[in-house]
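Heads up, the thing below is written out as structure tokens.
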Amino acid sequence: MMLRLLSSLLLVAVASGYGPPSSRPSSRVVNGEDAVPYSWPWQVSLQYEKSGSFYHTCGGSLIAPDWVVTAGHCISSSRTYQVVLGEYDRAVKEGPEQVIPINSGDLFVHPLWNRSCVACGNDIALIKLSRSAQLGDAVQLASLPPAGDILPNETPCYITGWGRLYTNGPLPDKLQEALLPVVDYEHCSRWNWWGSSVKKTMVCAGGDIRSGCNGDSGGPLNCPTEDGGWQVHGVTSFVSAFGCNTRRKPTVFTRVSAFIDWIEETIASH
């Protein structure tokens, strides 16, 4: 699941931690490629129940042993969810997977999120797991940036997820990764880019031939730190309704550093 802004948007349905993945991504990513298994160990698959089976709908990031951050538009109070940690190839049971049910009362969507106004922002939600994750090589915590942190233009970040391989295409079995350089607010908010649809509580990345797509929603925008680690700076929110890789329409993410206080307060009170 990923949102699309109708006149030109499409929703993509992305704590202290370990930071660095076990293998750095390839610099040859263009439209996305298979990630190295378990190289993004905070990535989760959010799945919903239908007719007795569970289906992938969004990504997310494990930010505490019993908490996941995802997109607000990924959550519906009428659905039953589970989270799968330690997932890589969804078609194969590989061993590290941890399937954790979600109680209906443990879904916390940002109070200002408005499904009918994607461009208003606040597309973020927290999920409390019914039991704590068992951390290890395949399951680790994401690092989050300091409150208010803004990435410079062209910071080389990576989107990860099981979203569609191209507009209206299939969902992949294996976790995908793609290099998405940051597009700063000055550029992304220009009239012939996203214009006023982009707010300062968002971060843009990629555009042209690289982007997120349906199924990537809620998953992380992983950005490098000076010490060689990674921080989750974005939660995948929307792309263009004209297609997942429309020129001058970078993927738009909820900027995590704008919501650190809300994240901390929500976790502390539950």
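Even glycines carry a Cβ here, placed using N, Cα and C.
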Which residue, chosen from N114, N153, is annotated N-linked glycosylation site in Swiss-Prot? N114
Entries of C117, C120, D123, S217 which, being recorded positions, have CA atoms within 10 angstroms of C74 (disulfide bond): D123, S217
Average model confidence [pLDDT] within the domain 'Peptidase S1' (29-268): 92
Using C-alpha atoms only, work out the spacing between C120 (disulfide bond) and N114 (N-linked glycosylation site) and round it to an integer in Å. 7
